[in-house]
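Novice: Reproduced below are the annotations present in TrEMBL:
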- 55-77: transmembrane segment (TRANSMEM)
- 98-117: transmembrane segment (TRANSMEM)
- 137-157: transmembrane segment (TRANSMEM)
- 169-191: transmembrane segment (TRANSMEM)
- 203-222: transmembrane segment (TRANSMEM)
- 234-252: transmembrane segment (TRANSMEM)
- 272-293: transmembrane segment (TRANSMEM)
- 314-336: transmembrane segment (TRANSMEM)
- 348-366: transmembrane segment (TRANSMEM)
- 407-428: transmembrane segment (TRANSMEM)
- 440-459: transmembrane segment (TRANSMEM)
- 465-486: transmembrane segment (TRANSMEM)
Amino acid sequence: MGFLKRLFRAAAEERSSRGAAVLMLLFRLASKPFGYLRMLMMAWFFGASAGMDAYNMVIGVSGLLSGFFVSGVQSALMPAISRCHKEDEPKARDLMGFFNLVIVLLSLFIAAVVALYPEPVMGLFAPGFSGERLAVAVSLMPLGGSFIVLSAINSGLEAWSVGTERYAMLPLLGAVSSAISLVLMVGLLYLGFGIFGAAVSMASNYFLLALLSCMALGDVPLRFKRVPWGEVKGILSALPPCWIMIGVWSLYSVVDRYFASLLSIGGITHVYYAELLFGLGAGLLCNPLMVYLSKVSRDGEEAYGISKVLSIGFAYFIPLGWSAFGAAVPAVGLLFGHGAFSPEDARVTGICAAILSVFLPFYVANESFFRLAQARGCLYRVAFVVVLSAGLNAFVDWLLYRSLGAYGLMLATASSMVLGFLVYPRVLEGRWVVGVKLRWMLPQMLLGAAWGGVLMRLSLGAEGFGSRVLCVSLSLLCAVMHLLVLDKLGFYGVLPAGWRPRELMRLLGLGRLGV
């Protein structure tokens, strides 16, 4: 107990950006295993069933509505709260109290619509649902309404926590609530509550986070004496691009699920797990590059930083993407291929994840340009690119879902990444290509496609534990050999100092491999 008290005290009192960043990273890493266990347990218990499709659709719709109407307000609110808290704390409390009321009332209205009219809402977002999928989704929609309200409350708490410089508090509480809700889910599943038990445990996670945050923060403004209209007008003027960006990012997954609902049972679950696995891997790999980008992008040098990050990203993430392409099917089989998750479900999910993996470098490029646009305050330009990409995603979804099924939906998502890579430089820099040259990038893609294609053919035939482990190991080995061979040929001379493969291997104590 003494250790926990010291941990909470450190999270509450840490104000320096460096110390808070370290604590936030540690607490978020601590919460990751609970999320992974939840994902795996749900796959083992429910597979790619009608109930799982319904659950994923309800979560997606709730996230879209909450993200568009509530998280957009939070994004516009945070900078104003931070500024006001330093200049005039009573005004900051009035502003937070006013927007807490607005956010909660707005979320209650949305939740009421969702709970009272579940079937029309499902008909709008999942037109392919019928029979068991529709019945389960309709019965889960009231819980979806609770997700929306609790997400709104937590967004207000997060805005106040960040605005008052208690950055590490909510990540710590998130890890605690995730652990408790996971234990609750295990109990409910073994008691036979099925997919409803999983939904209740998810709602309990949001509720516990809100309760613990209120108790830990202690001074959350729930009322206001007067409305600071000057600040409110500034926040309202920043809302449209925030709404567009957050809403459209949420819309990506919902559009994929919209068309996946028109496929056979399991389509939504295959798409959901593939996108989730890609997001987890891409986020983990992308974070060090974003830290490097922040370091080199100083005082008007953002374009220089982008150029360096893109050269590093394409050099490393081309072989890593093709390695994941070859390893995805056996890796998904090893992780998910148990219980109710059938071998066919694992194969389809693995191929979906493999398709996305090939486009990993373009994901990194989009993230880099997005950070550049944020640094320059080009919110409307970002919103334009995001809307354009989402429109292309929806069009290609519609074009390919009948002929290619879930694989077509993944190709649509990939096409939106490529479009962002092409359009962002034009919108931000006035030219079509920034940081990488086609004659440097194309040979790497072709080499990766050659060995990645061979690995995929081998992976599709791997069924036993040993053969799957062998395929994953071969994929990693091929990525390392790809990097070493091209480094020997002088291909990576354009990379910044210290970022060439042999230099990184020496840093990691693997210098002998790079000889």
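Even glycines carry a Cβ here, placed using N, Cα and C.
Unlike curated entries, TrEMBL annotations are predicted automatically.
Predicted, not measured: the structure shown is a model, and the values here were computed from it.
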Novice: Are there three or more C-beta pairs under 8 angstroms joining the transmembrane segment (407-428) and the transmembrane segment (465-486), sequence spacing 6 or more?
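Specialist: Taking Cβ pairs at least 6 residues apart, the transmembrane segment (407-428) and the transmembrane segment (465-486) are not in contact, as fewer than 3 fall under 8 Å.
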Novice: Would you say the transmembrane segment (203-222) and the transmembrane segment (314-336) are touching, if the rule is that at least three C-beta pairs must lie under 8 angstroms and be 6 or more residues apart?
Specialist: no
Novice: In the same chain, which residue numbers or ranges, 6 or more beyond the ends of the transmembrane segment (203-222), come under 8 angstroms Cβ to Cβ?
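Specialist: Non-local partners: 8, 12, 93-94, 96-97, 100, 143, 146-147, 150-151, 153-154, 156-158, 160-161, 164, 166, 169-170, 173-174, 176-178, 180-181, 184.
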Novice: Of the listed stretches 55-77, 137-157, 348-366, 440-459, which one has the most C-beta pairs under 8 A with the transmembrane segment (407-428)?
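Specialist: The stretch with the most contacts is 348-366.
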Novice: Six or more residues beyond either end and a Cβ under 8 Å away: which residues meet both conditions relative to the transmembrane segment (348-366)?
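Specialist: Long-range Cβ neighbours of the transmembrane segment (348-366): 48, 266, 269-271, 273-275, 277-278, 281-282, 285-286, 289, 309-310, 313-314, 317-318, 320-322, 324-326, 328-333, 336, 406-407, 409-411, 413-414, 417-418, 420-421, 424, 452, 456, 459.
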Novice: Report, as numbers and ranges, every residue of the chain located at least six residues beyond the transmembrane segment (440-459) whose Cβ falls under 8 Å of a Cβ in that stretch; write 'none' if there are none.
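Specialist: Distal contacts: 314-315, 318-319, 321-323, 325-330, 350, 354, 358, 471, 474-475, 478, 482, 486, 491, 494.
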